[in-house]
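Visitor: One structure coming up, written as structure tokens, with questions to follow.
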Amino acid sequence: MNPEYDYLFKLLLIGDSGVGKSCLLLRFADDSYLESYISTIGVDFKIRTVEQDGKTIKLQIWDTAGQERFRTITSSYYRGAHGIIVVYDVTDQESFNNVKQWLNEIDRYASENVNKLLVGNKCDLAENRVVSYEAGKALADEIGIPFLETSAKDATNVEKAFMTMAGEIKNRMASQPATNASKPATVQMRGQPVAQQSSCCS
């Protein structure tokens, strides 16, 4: 395995357009924030390496466009994802109502045991809030996935959201019995072959 890291996890950010997916990614990867952000066209990604429990984890985080017209492009990125973060905007009821639709997309395109996390973003805009913390938590509990509220603007829980996801995936990987597959699948990244665990075959 590449000595630079112990794990390579591919994460996907999904949710309606305008909920702040790109801002969350920018805050986590670069610790920066932009008041106005151009809508993502198709997909974009950033990489950040983190330490957790003495292990080095390389996170390849893909930011997807929320618009319907890009859905066919973005759906192909679900398949190789180890973890998917579903984001809604606490000041936008419709984005919360659409969470179940996004979860259906995961069921349709992602691998069966992919880790999921529900995130309510823009919690700094308290005066504009229309979705309560309790409503978000109740939905996450119903689905059986972790839940956090975040603010990309003031960095609330952004680090925690991505680290929670990394920890959940790492624990799942550690608890999986060793398969008798001859070799793990390999993806080529920047000229370096990277071992990638394959959890389903077509």
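For all residues, glycine too, the Cβ spot is worked out from N, Cα and C.
When I checked Swiss-Prot for this same protein, it listed these features:
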- 15-23, 33-40, 63-67, 121-124, 151-153: GTP binding site (BINDING)
- 174-185: compositional bias 'Polar residues' (COMPBIAS)
- 174-202: region 'Disordered' (REGION)
- 37-45: motif 'Effector region' (MOTIF)
Visitor: Return the count of C-beta atoms lying within 10 angstroms of the C-beta of GLY15 (GTP binding site), excluding that atom itself.
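Guide: A count of 24.
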Visitor: Around CYS123 (GTP binding site), how many other CB atoms lie within 10 A of its CB?
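Guide: Within a 10 Å radius of the Cβ of CYS123 (GTP binding site) lie 23 other Cβ atoms.
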